[in-house]
Amino acid sequence: MRLPIRFPKYVLYGMASAVWSILFLHILVGDTMSAADALSWSGGLIHSPAHRVNVMRSHHHEMGKELEQQHGAEEQQMQRDTKPAAFSNPPHLATGRGPSFVHADGQLDVSCFPHDKNIGSRTTEVAVVQVSSVQDCMKQCQSRPTCSHFTYNKNSKACHLKDGAPVFYTYNGDMTGPRSCDYSCTDNCWMNSETAVKALDYSGHGPGLCWAACKGTAGCIMYTFKGSTCTLYAKDSFNKS
């Protein structure tokens, strides 16, 4: 009768330790290491210590490459998400006081005042220059710090630069505009004033010319444009809300 084979306790402990090492490594590294590789690394019964080191180095290298690729993809996505929108035609600051936005064709915006109503201004002139377009006339106004508005005659090509509040009258071919169409405050831009310096009836005119009136009036630092009435205010006559 054959007696059952009895292994020494240290052999049993060693086998159990090898099995647990295999399971632990396979769970730890997941799909990056097969069970066979885990066995070859952990058991120490099939391969040499040098082979086990090479196996781990190989898997660490592959894991490092995957992590680097993931990091690169995440960084590219972050750059796309945070990159500001590009302007195809960004706004430019015109010479002189105040911004002036340009159209896609590079021309200044002159849409805030009528071009075909024969509207002139009797206000004292700073200068008269010959230019080829109303946009060029606006540029001339912006180049002079005191210019508040201009009158351009499309027939004579004369650009009349003004430094006071507009005083309108009718003249064939005239068009009158502010130094920039970007000044477009209406209604609630300025409010809660006590004493008005001047109230002007600007029926048919835009708020840009109300701004021009304030710039061209001594002591005016604020204005309201409500309906068709432009009201100018001095420094000590208001409480800004």
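Here the Cβ of each residue, glycine as well, is placed from N, Cα and C on the backbone.
The compositional bias 'Basic and acidic residues' annotation in Swiss-Prot covers 61-83. As annotated by Swiss-Prot, disulfide bond applies to Cys112-Cys181, Cys137-Cys159, Cys141-Cys147, Cys185-Cys189, Cys210-Cys230, Cys214-Cys220, with the evidence given as sequence analysis. As annotated by Swiss-Prot, region 'Disordered' applies to 61-92. According to Swiss-Prot, the feature signal peptide maps to 1-34.
Structural mapping of features recorded in Swiss-Prot.
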residue: Cys112; record: disulfide bond; CB count, 10 Å: 18
residue: Cys137; record: disulfide bond; CB count, 10 Å: 26
residue: Cys141; record: disulfide bond; CB count, 10 Å: 31
residue: Cys147; record: disulfide bond; CB count, 10 Å: 24
residue: Cys159; record: disulfide bond; CB count, 10 Å: 24
residue: Cys181; record: disulfide bond; CB count, 10 Å: 19
residue: Cys210; record: disulfide bond; CB count, 10 Å: 30
residue: Cys214; record: disulfide bond; CB count, 10 Å: 27
residue: Cys220; record: disulfide bond; CB count, 10 Å: 21
residue: Cys230; record: disulfide bond; CB count, 10 Å: 24
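When the disulfide-bonded residues Cys112, Cys141, Cys159, Cys230 are screened for a C-alpha within 10 angstroms of the C-alpha of Cys214 (disulfide bond), the residues that qualify, in sequence order, are Cys230. Between the CA atoms of Cys220 (disulfide bond) and Cys141 (disulfide bond) there is a gap of 20 Å, rounded to the nearest whole number. Cys141 (disulfide bond) has none of the disulfide-bonded residues Cys112, Cys181, Cys210, Cys230 nearby, counting only those with a Cα within 10 angstroms of its own Cα. When the Cα atoms are compared, Cys112 (disulfide bond) and Cys210 (disulfide bond) turn out to be 12 Å apart.
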